[in-house]
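> Positions annotated as transmembrane segment by Swiss-Prot, on the basis of sequence analysis: 11-31, 35-55, 77-97, 110-130, 140-160, 176-196.
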Amino acid sequence: MEHYISLFVKSVFIENMALSFFLGMCTFLAVSKKVSTAFGLGIAVIVVLGISVPVNQLVYTHILKDGALIEGVDLSFLNFITFIGVIAALVQILEMFLDKFVPSLYEALGIFLPLITVNCAIFGGVSFMVQREYNFPESVVYGIGAGTGWMLAIVALAGLTEKMKYADVPAGLRGLGITFITVGLMALGFMSFSGIQL
């Protein structure tokens, strides 16, 4: 149990997808204007990462890995296309669910919901799972932890962005300029966790 807790904490704080690896920055910067929208997208990323990482772990272990299907047959060259297909299918299911049951969040996310399919944080989570050779329970914990870390970062940035609306930001830094500086300072803050050994 201790191993899974340390893996979760490590994936949320030490190896944060957005602030340590800078993955998923397109939606991270675009949807960080309001806390409510950022929170909704963060939940969607947790769901997609929490399901796609373990599902892709099963697909990789039982089908794509060298000798998994048939002895001597290596299908690992199909990793990228298979992983993207699984992620796209999960995002489509999530999109239909939100459209049916939470239409306000579906409208608020707009074009960024389908963009989760090509969000490099999602694919990065799956790639790290393969690279680090996580088993199924580890991939579940890692997927949920990585999604939680990404959500924590985007909600924090959205909160800071909402506060900066009332600040006297110099004209040359308004918009993306101050956002990049803020993200850089947040990344420096999260870098302080890198010395922790779990």
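Just so you know, glycine gets a Cβ as well, placed from its N, Cα and C.
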> Would you mind listing the long-range same-chain contacts of the transmembrane segment (140-160), meaning Cβ under 8 Å and 6+ residues beyond its ends?
4, 7-13, 15-19, 24, 28, 31-35, 37-39, 41-43, 45-54, 121, 125, 128-129, 134, 179, 182-183, 186, 190
> Looking at the stretches 77-97, 110-130, 176-196, which one shares the most CB pairs under 8 Å with the transmembrane segment (35-55)?
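Ranked by Cβ pairs under 8 Å, first place goes to 110-130.
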